[in-house]
């Protein structure tokens, strides 16, 4: 559903505001953190369950059920506020969070733009709820609700949400937080309720909402390679640099090719999520591995790596042979997805041949 809403918003922004859709960035946002982020989300929930079992003070689970839900609604959001604020304050946490801020366009897809390690840095802030005794089912449900609200907070179509702007974090407020100008760096950290920003003095009103606002982070390269985006800030923090690209392709496939490949990967991600009930199956791990490998190959292709396009094509062409025999992948939608991967791989090989021919015509140094 999220992917459909993101694509619908992109089309509406183009029709209503003549805003150009940067498809490689949009697709990067969709795929940047999903595979490992979802895997680490499982680690986060498992850690929460372990703390709940062994370090539980039982202060909350003794309350009436309605009181537990009410507490969770506000307490989780308070934990998120401080999680978000500290991620802007400390170098290691910022190196994880900066991936979310590198996007140059404010739209729904930006909500999905995250480091591979984002879920791991969440738990130290929300784990306190397990110590207090908040039941796991309420924790999962409430966190899902707040994530849905935060998805809406990144909507590029909404300039004002009316009366909701008075007490909730809406796109009008969160848009300020993503501005590239330094004066907006430490403001509007809330996820759902404006309450916390107003109490702790970090609320900034958006009275200068104009279409020429700049988003992103100045001074940091905006890569469409998820592997690079998740690790380059960590390397910089350690005083190292991302390896220079010594073997760049002289010609790259079109943005349409990259975007369509990314959408196919998003479809593969959905297939993988549908196998969560059988996490020990070969199909589950094969889908995870193929989606991760495809994400890395397509991202490296955006960076101009010579090996990336043939690697992507090999994977796209091999997927039907690897997965067609599985009963789950024989359903109409997964089977159609495998066919589209094969077609995409063929077009990629054609593009690779053209690139090779163009390279051969270049004068030798």
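Note that Cβ sites are derived from N, Cα and C of the backbone, with glycine treated the same way.
The range from 232-254, 255-277 that TrEMBL describes as transmembrane segment is residues 255-277. Beyond the transmembrane segment (283-300), the same-chain residues lying 6 or more positions past its ends with a Cβ under 8 Å from any Cβ of the stretch are 28, 31, 35-36, 39, 223-229, 258, 261-262, 264-265, 268-269, 271-272, 275-276, 307-308, 311-312, 315-316, 319, 322-323, 326, 328-329. In the domain 'Fatty acid hydroxylase' (69-202), the DSSP tally of helix, strand and coil residues is 83 helix, 3 strand, 48 coil.
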